[in-house]
């Protein structure tokens with residue numbers, strides 16, 4: 001069932017399992033039970049008026065003698081496009097700006113310090129169509145485009161770091177397009193940008209028709225609230241991608257995505273959680289919601305009949321911790337804001353227990369990978 005027929009896995013489990021069984025299933029699927037945040041009543045009222053879901057959970061670390069808790073509140077935003085994909089470009093962007101502004105205002109009520117939007121949040125995920133116009137008209141400058149200026153105002157007004165994934169047009173280098181996330185400091189300054197390292201070529205994900213693999217490596221951004229990185233969408237399928245952000249010091253890795261139920265829903269709840277465990281960090285998986293219909297039919301060379309939609313974006317955004325615990329997911333069918341209170345001390349505490357960094361044998365893998373990428377490499381296979 002890849003459509004919107006059911007709201008969430010959590011609701012399904014709660015509806016059908018007796019409480020003792022439910023508690024054991026959640027223990028296995030989500031790790032230790034998390035405390036719900038006591039978010040302001042006015043935040044829930046505003047979310048209800050604006051028709052989006054609001055959830056909040058706390059990840060707590062053990063009390064230490066020499067270090068104070070390092071508390072940061074993150075916000076994850078998932079949403080559907082408010083206007084049809086055939087509406088004028090400027091109207092679609094303006095409608096999305098208004099929608100995000102309303103959600104960010106609720107995030108501010110909840111004390112969010114860092115907020116991240118979904119992949120290519122200012123547009124329909126139209127890369128399935130392989131058409132250039134009007135979709136390339138959504139591309140903007142990462143440094144001073146209208147969406148970056150919009151986010152700078154939000155960041156400064158709310159003392160909030162904003163992670164804004166957009167379709168970037170790089171006018172300094174031949175007007176090339178990139179799938180980019182802009183990181184804006186809570187001061188309102190553009191802290192930097194990062195680009196999608198892995199580009200899918202599967203099913204209707206025809207993204208390489210528009211942009212290629214990123215060229216900025218694995219930057220980590222030092223913010224007032226902690227060190228963050230952005231692993232965009234398809235990069236979550238690549239363990240080494242997560243690893244390099246972690247090696248560069250990321251304490252929180254955001255994964256803004258646009259992925260559909262028929263392809264990846266069975267993988268979704270596992271990948272970011274596994275990355276949090278393997279890399280001793282927090283991970284934040286974000287997915288858009290709904291079905292987007294395009295004016296013209298398209299195909300992708302996979303034998304399927306021509307169609308006008310990509311498939312169902314199933315939301316289900318969640319946060320996972322280095323100890324393997326995770327929040328429930330947001331709805332599969334509704335816009336939402338997930339607020340998570342993180343104690344970053346948990347990263348080091350879990351590291352001290354499991355020692356994955358110490359036992360990682362990176363020098364061995366670096367040596368073997370350096371050999372494996374050579375054209376004359378021969379795999380080590382022992383035969384009789």
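Just so you know, the numbers here start at 1 and follow the chain as drawn.
Each residue, glycine too, has its Cβ placed from N, Cα and C.
These features come from Swiss-Prot:
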DOMAIN    72-344  domain 'CN hydrolase'
ACT_SITE  119  active site, proton acceptor
ACT_SITE  196  active site, proton donor
ACT_SITE  233  active site, nucleophile
MOD_RES   378  phosphoserine
Of the recorded positions listed as 196, 233, 378, the one whose CA lies nearest the CA of residue 119 (active site, proton acceptor):
233
Provide, as an integer number of angstrom, the distance between the C-alpha atoms of residue 233 (active site, nucleophile) and residue 196 (active site, proton donor).
8
Taking 10 A as the limit, how many CB atoms besides its own sit near the CB of residue 196 (active site, proton donor)?
27
By a simple count, how many Cβ atoms lie within 10 Å of the Cβ of residue 233 (active site, nucleophile), its own Cβ left out?
26
